[in-house]
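Student: In case it helps, TrEMBL gives these features for our protein:
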- K41: active site, proton acceptor (ACT_SITE)
- K41: N6-(pyridoxal phosphate)lysine (MOD_RES)
- R135, M304: substrate binding site (BINDING)
- 235-361: domain 'Alanine racemase C-terminal' (DOMAIN)
- Y256: active site, proton acceptor (ACT_SITE)
Amino acid sequence: MMSLVRSADVVLEINLAAIQANLQTVSSLVGPQVSVAAVVKSDAYGLGILEVSRSLVDAGCSLLFVASLEEALLLRSCRIGVAIAVFRDEFDRYGKWYLSHSIIPVVNNCGELLAIDTAGKAQTYFLNVETGLSRFGLGLEDVRRRYQPHAFEKHRPSVVLSHLACSEYLGDATNVLQRDRFRAVYDLLRPVRGSLAASAGLWLGKSYHFDLVRVGSALYGINTAGVQPNPLQPVAKLRARILDVRKVLRGEAVGYGATFRACRTSRVAIAGIGYKHGLPWTCANRISVRIAGHCAPLIGRIAMEYITIDTTDIPETLCGPGAFVELLGEDFTIDDLAAAAMISPQEALTRLGAGCTRQYLNPSFPSEALSKPVAQAALKTSSGDFGR
Ligand SMILES: *Cc1c(COP(=O)(O)O)cnc(C)c1O
């Protein structure tokens, strides 16, 4: 049988060394007393959970957070041996999976706490407390009732955590309120490790770092808090191939809805990327792309598979069919794209990661390291120094 082999028209290029460098940047920022856990949920924000986790572990990360038990089991099956914690996934139902694969549940409610009591001290767990996000987590009263000083010695969590609602707004009073509520629980549960800040919380100051920060966005080059100068390296580049070029006469419209009309006779390139690849529809007529160092505006709407670009001012030899246009790079990052599209950079990144062919630069591991899931029985895992 014949098989069709062709190179991708849309490539999201992920620089794994930049992710490792961002881990180092975060580690230096919080200092040696504070551990840095990496959040690799949602396929590492679209960048590939296995490649990203392996790179982070190689760079010294010893705790990964995922959203679901499936993600944790996938990491274990690919020989990721460091501690893995699951933000929320029914420990009361799936407890035996956690224990047999040394996976740490984040306990979010009283039902799960009962299951912890049943499982006994062999099961390491983290405790999530609700301090103002109104999502998951035990209320402050429930925590007091259960862990009162002098109440009989309960199996305690190794980490207590909570999540900030407004950390990207440095001056917001909600931050102070949540930190003070969290500190009360932290003091009550001592000795325990505390974790409050995610990426944006890094810049709220030392009093928000406690013992452990949980960062996703910052590792992936997203500058959540808009810190200037930006200490994080961009991680992703995005390019798409030009499929065709056509002349558009002055006064003619381009694309669905005729949202762009040429005010001069123009040379318009059609590139093979659209909202199917995760390019936000809302960046129509609002961004530019780079072609061999030149800047060219995206004109008209984003179609499912195509975009249109005004290349009139760029030498024709640089932007014929087959040439690539760059949509994300050093000087136009995921933060810029998201701002133009009026969505969050995390949303932009997860959508592009899911929709594009991904290529990896600078892996610190051989490609076979990820390709052979091992038999469950052969797994050697630990909950590291996050166990008790
Ligand atoms: C997603 C998530 C994080 C990481 O957030 P970033 O802002 O991407 O660093 C941390 N903690 C919890 C509970 C999360 O859900």
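Each Cβ is built from the backbone N, Cα and C atoms, and glycine gets one as well.
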Student: Return the count of C-beta atoms lying within 10 angstroms of the C-beta of Y256 (active site, proton acceptor), excluding that atom itself.
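Tutor: Other Cβ atoms within 10 Å of Y256 (active site, proton acceptor): 12.
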Student: In the structure shown, with every protein chain counted, which of the recorded positions K41, R135 has the densest set of Cβ atoms within 10 angstroms of its Cβ?
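Tutor: Max Cβ neighbours within 10 Å, all protein chains included: K41.
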Student: Pop the mean pLDDT for the domain 'Alanine racemase C-terminal' (235-361) in here, whole number is fine.
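Tutor: Across the residues of the domain 'Alanine racemase C-terminal' (235-361) the model's pLDDT averages 97 on the 0 to 100 scale.
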Student: In whole Å, how far is K41 (active site, proton acceptor) from R135 (substrate binding site) when you measure between their Cα atoms?
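Tutor: With distance taken Cα to Cα, K41 (active site, proton acceptor) is 17 Å from R135 (substrate binding site).
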Student: Would you kindly give the Cα-Cα distance separating Y256 (active site, proton acceptor) and K41 (active site, proton acceptor), rounded to the nearest Å?
Tutor: 36
Student: Including all protein chains shown, what's the count of other C-beta atoms within 10 A of the C-beta of M304 (substrate binding site)?
Tutor: 10
Student: Treating G and I as helix alongside H, and B as strand alongside E, what does DSSP give for the domain 'Alanine racemase C-terminal' (235-361) in helix, strand and coil?
Tutor: 31 helix, 47 strand, 49 coil
